[in-house]
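Here the structure comes first, spelled out in structure tokens, and everything after it is commentary.
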Amino acid sequence: MDSIAQLRKNYTFGQLSETEVPHHPLPLFQLWFDQAVKAECPEPNSMTLATADKAGNPSARIVLLKGADQNGFTFFTNYESQKGQDLAVRPQAALLFHWHELERQVRIKGLVERVSATESDEYFHSRPPASRIGAWASPQSAAIPNREFLEEAEKRFKSEFGEAPPRPEHWGGYRLRPTEMEFWQGRPSRLHDRIHYKLDGSNWKVTRLAP
């Protein structure tokens, strides 16, 4: 651990100019995401989701992006989990994508809402049966006595539902509607490129931030 302070890297992969980016952040996100896929970045749809509880205590965890369009960024989870409890009282969140191989980050802030039951059903039934059973078996974020508790619950719900488990009411999707997005491109000498989008009415204001 003594060598942590000495870990460093020079960023030389690319550059980003505020005069060349699109007026709306979504096309740039989609371009960067596609490039992350082509570069074979590990799990390019993995993102940090940061929430806060009623008292303002923050929590962060990795979740998977399952949709990105003009309506926002979609992910799915247990509504009774810590993140679900946080979003019930504070429906604001932040997302962070880090594509190390491309020396890029994307930060997103916005308001969060549940997706429709129809949309949750559609995604839930596209998942493998074992994952659908897992949504029933795990009381996410609750204290449990041991691993056997989960395994017994899994057996019980497999016996009850077979290969066609329905979506539990406590499981579904959220959509973050962005109000701010920042695109970060690593550059030499730590003089990184940071292009910031902020929603102003129905338009996006684009500015360059100091690194």
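Note: Cβ is positioned from N, Cα and C throughout, glycine not excepted.
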Among Gln92, Gln105, which residue shares the FMN site with Arg61, Ile62, Val63, Leu64, Leu65, Lys66, Phe76, Thr77, Lys83, Gln140, Ser141, Trp184, Arg194 according to Swiss-Prot?
Gln105
Mind telling me which of the binding-site residues Arg61, Lys66, Lys83, Arg127, Arg190 has the densest Cβ neighbourhood, counting other Cβ atoms within 10 Å?
Lys83
Could you tell me which three-state DSSP class Arg61 (FMN binding site) falls into?
strand
For Leu65 (FMN binding site), the number of other Cβ atoms found within 10 Å of its own Cβ:
18
Inter-residue Cα distance where the pair is Phe76 (FMN binding site) and Lys66 (substrate binding site), in Å:
8
